[in-house]
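Database features, via Swiss-Prot:
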- 228, 231, 252, 255: Zn(2+) 1 binding site (BINDING)
- 243, 246, 265, 269: Zn(2+) 2 binding site (BINDING)
- 367-446: coiled coil (COILED)
- 455-474: compositional bias 'Polar residues' (COMPBIAS)
- 479-502: compositional bias 'Basic and acidic residues' (COMPBIAS)
- 538-548: compositional bias 'Acidic residues' (COMPBIAS)
- 455-509: region 'Disordered' (REGION)
- 536-557: region 'Disordered' (REGION)
- 223-279: zinc finger (ZN_FING)
């Protein structure tokens, strides 16, 4: 019996109509719309044979009597439909009144629910409810025809459980409030049937669903030959609503209950509800009233409203006396205008009689004041509705603005976090590059020191070798074994030095590859403009290197080539020898010449070794320093580009 998803009933904005529509669907499901009060009386009389109001019924008894009821109302109804209706109604009654799951319910509660959900007229239901409450009172013979407070409270508590089955009981208030409103102004211990019927016709809040359910059931098959102003449906089936503010504007039941807006009509306008198709006289009177309301000047309109207020006050009791359902329409937002329309359609003769009283000045003055007060109240209510609508629109706009601002704030926070992470990554790369640069500088300094030590040791070895050669040139001092061992040690030292140079070159090559890899990683996270700047920088450096190489190829030979050429040229040696050769050739100075020649050879070897060692060291140092400067320039350019892009 979950009615939340039936026919989209939760889309109905007005809680009273939403509850009534759900109860109407439940009524059709249980086939109670086919049951009349005359069909209920034999079954109820059988159950009330004991005369006690606290009779408890088990589920089997209730199901048995309900099956007899449904078989009696429609003999041609299939057995399957009878069984289904019996089961649905039994489950409904026990869901309403057996909250503790005891397995039994009271007879009075069953009778109240069946009377409220049957398909009889509203006046017949009201009289049946009065007789049921009268049976609760247990009055003496002299008190027949009235009900007490306790009896009315019990009846209203049972009836208040009916909308609870569709989760709408929170809308209609409490039973004690309804009892107080019924006994308001009553000095006796009970109320009569006339007063009770009048109170029910005034539609107390607790029983609003009862009259609304009846109007919906009456108007289901009614077709109104007018167009809906909102959805353009023709004809309008069901309840029809005519706007009292807009001229010739009609709404169907669906558009009104969902508060559908249109270009001219607003949900805040006062409307009249029609259950059945009105006659042509009623239509003409309604059209004239709308035209007068829209076209008559302000002072004439005020006079017309005053007269209509007088007519409404005089014909308040005649609104519910007509048995024709066409006269049972009520105002939704403006009670006084609805009463005026009802009085015009119900008793036009009474209007003529009451209009004669306007000739009396003594009655006219208080009535005019009453009409003005009523008009002020209606204007105030309209202003309050407009303010509430403006408040609702402002709240909607504020919600939209807050969502937009929140989304923008979130996007900015995401961008800020991305920039922060990028800056942290770049700082880490920069620190890593600086560490590698320091490592390169340290290795260069160590290598320079090693080269200085090596050159110094080579110089010392050469000097030792020159001494050995001098000793070798002297007669009687030749030591072949010592000279060969010295040469062997020199070769081993040279080999170790070359291996150390190769290891250091491999280390420098690995460091350069790490630097290039880090630069590539850092370039992958840079923006497009930084990549472009670095590419341009690399192209310029490559062009400069190519131009330098081209100039070196076309220019003069390098120092190494000149040195190699001088070494290979015998004239260089002979020139040097000629500088130190003696002018005379005597036999006495033959030993001196030989010693001078050895010294010259030793000096030449020392000079050549120093020149070669210093030249190679200077060349390698220059190459490493050039590479280090290039790395430094690239790192500084990278950091500058990142800072400029982050600031932009």
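Using N, Cα and C of the backbone, Cβ positions are placed for all residues, glycine too.
Note that the structure is predicted; figures quoted are calculated from it, not measured.
Positions of Swiss-Prot features highlighted on the structure.
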residue : record                : CB count, 10 Å
228     : Zn(2+) 1 binding site : 23
231     : Zn(2+) 1 binding site : 14
243     : Zn(2+) 2 binding site : 21
246     : Zn(2+) 2 binding site : 19
252     : Zn(2+) 1 binding site : 25
255     : Zn(2+) 1 binding site : 22
265     : Zn(2+) 2 binding site : 21
269     : Zn(2+) 2 binding site : 19
Statement: Helix, strand and coil residue totals from DSSP for the zinc finger (223-279) stand at 5 helix, 15 strand, 37 coil
Field: Distance from residue 255 (Zn(2+) 1 binding site) back to residue 269 (Zn(2+) 2 binding site), taken between C-alpha atoms, in Å
entry: 14
Neighbours of 243, 246, 265, 269 excl. site residues, C-beta within 8 Å of centre, Zn(2+) 2: 229, 244, 245, 249, 264, 266, 271
- prompt: From the centroid of the CB atoms of 228, 231, 252, 255, the recorded Zn(2+) 1 site, which same-chain residues not already listed sit within 8 A by their CB, in sequence order?
  reply: 229, 230, 232, 233, 236, 251, 253, 254, 256, 260
- request: Write down the Cα-Cα distance for residue 246 (Zn(2+) 2 binding site) and residue 255 (Zn(2+) 1 binding site), rounded and given in Å.
  value: 16
- line: Cα of residue 228 (Zn(2+) 1 binding site) to Cα of residue 243 (Zn(2+) 2 binding site), in Å and rounded, measures 11
Local confidence of the prediction over the zinc finger (223-279), expressed as mean pLDDT: 83
Candidate binding-site residues 243, 246, 265, pick with smallest Cα gap to residue 231 (Zn(2+) 1 binding site): 265
- line: If you measure between the CA atoms of residue 246 (Zn(2+) 2 binding site) and residue 252 (Zn(2+) 1 binding site) and round to the nearest Å, you get 15
Cα-to-Cα gap, residue 265 (Zn(2+) 2 binding site) vs residue 252 (Zn(2+) 1 binding site), nearest whole Å: 13
